[in-house]
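Copied from Swiss-Prot, the annotated features are:
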type	residues	note
DOMAIN	38-115	domain 'U-box'
REGION	197-222	region 'Disordered'
COMPBIAS	206-222	compositional bias 'Low complexity'
COILED	433-461	coiled coil
REGION	439-474	region 'Disordered'
COMPBIAS	439-450	compositional bias 'Basic and acidic residues'
COMPBIAS	458-474	compositional bias 'Polar residues'
REGION	492-516	region 'Disordered'
Amino acid sequence: MGKNTDKLYITQTEHSGVHGWHGGMSGIAQKNSTTSYKQLPFNYCSLSLQPFNHPCCLVDETKQAIIFDFRFIVPWLRKHGTNPINGQKASMSDLIKLKFAKNSAEEYCDPVTMKSFTRFSHIVAIRSTGNCFSWDTIERLNIKPKHWRDLVNEEQFTRDDIITIQDPHNVENRDFSAIQKQKETARDEKITKAKIALQASRAKSTESTSSPELSHSLDSSKSIASDMPIHRASHTTGYAAASLTSTSFTPVTKNERAIIAEEDYMLNHTRIKHKGYARIVTNHGEINIELHTDYAPHAVYNFVQLAKQGYYRNTIFHRNIARFMIQGGDPSGTGRGGQSIWGKPFKDEFCNPLKHDDRGIISMANRGKNTNGSQFFILYGPAKHLDNKHTIFGRVVGGLNVLDALEKVPTNSNDHPKLPIKLEDIIIFVDPFEEWKKDEREKEKRKRQEEEEENNLDRTSWTGRDLSASSTDHSLNASVGKYLKKEVSLEEKTFTSTVNPKKKKARTGFGNFDAW
């Protein structure tokens, strides 16, 4: 029911669409949709879209400054050498360092009037000095009186040195949506180029692999790589469960056991039973040692591989304590250096019956629990207090007289030998890991031979007939046109007679009259 206050015409508020949508505001809505933008604040980096800490800028041909942060623009210029916003060529020399003043409230402001900068402020900077001012300040104190000196440090400049940081009437270079669109366009171009390169490489690989020479070489390389067996873990890869719970994962419907790396499988203390043997060559003589691969595989593997690489060559024994031990294995000779073959410390190995109870025991030196590197020591006598603190991985089996000579070398107060004890080289006589690999290859070879013999038996029937021959004949016919009649070969045509046989003439006469 109408009220007496209702107007009989459309008011301005109703026509403008303040309280809702109607047909009369379609033109305004279209205008707003075309002119809407998201302005990037002046104190934000155009590359990272985050507030800058070390502001700088690149200037385009219209003297509009594009603001960046040094932390993000420098790596970009080193890698691409272009302006990330407009794609123009740029270098480190084109960067201009900007200097913004701050007031007591820690807000960016004009250094002369101390007026805070906002999104509606017209901000300019001097190219030669990098100082940022309000346009009103520059116009009133520099342009109109023609006083071409910086208002902060009195450095002279020209009108061309004035660059625009932010113009509230021209915010195209600070349009957030335009910057995002340019980044997405550049990303799409990279993806397109990568797809084209991938297709070209695939086409090239298919052409190259189609050649018989390359296919033969690939087959030979596969056979060499497959000499060692593939070891599987007791757990699965987990791909089936991951594909079930994640929509972004490629569907997998089969559980497969995970593959164990050869080194991880080999360094299990139950795998290798071979002992290793090596010789330590010093300037006082040679010492033969035995390596306990079955008790400390990681320590032995580390020692053997470092020795093969020449890591211990021409080093010194930096610590020598009579009736206790002699220590070496540090290339720096200080006792604070050296690293393992893996580049990081490895764990201790105490799950064995070995004890520090005899002369000639070889153990790993460390700085604490699970800090083994490259240093080792040889005992001059029993040291039970070292049990379960240092990993035992070998013992001296020859050259104890050389060990006696090393023990007699005089030392200083820091236990450093007064005369250098040089470790000239370590020679590996028996590498237990190479022996294990040979055994594994032989086992794999015997296994394949047995499988081939079983397959040969499967291809022979109980009557002794070779089923592979019939299968090959069938495979030859399994092609296009196998149901068409086979053409007669030339040999068949030559041996086929084309002369028709002579017809026998019927005999005439009286014949025999016995039936009469």
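The chain as shown is numbered from 1 upward.
Using the three backbone atoms N, Cα and C, a Cβ is placed for every residue, glycine included.
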| remark: Model confidence over the domain 'U-box' (38-115), as mean pLDDT, sits at 89
| field | Counts by DSSP class (helix H/G/I, strand E/B, coil) across the domain 'U-box' (38-115) | value | 13 helix, 23 strand, 42 coil
| query | According to DSSP, how is the compositional bias 'Basic and acidic residues' (439-450) divided among helix, strand and coil residues? | reply | 12 helix, 0 strand, 0 coil
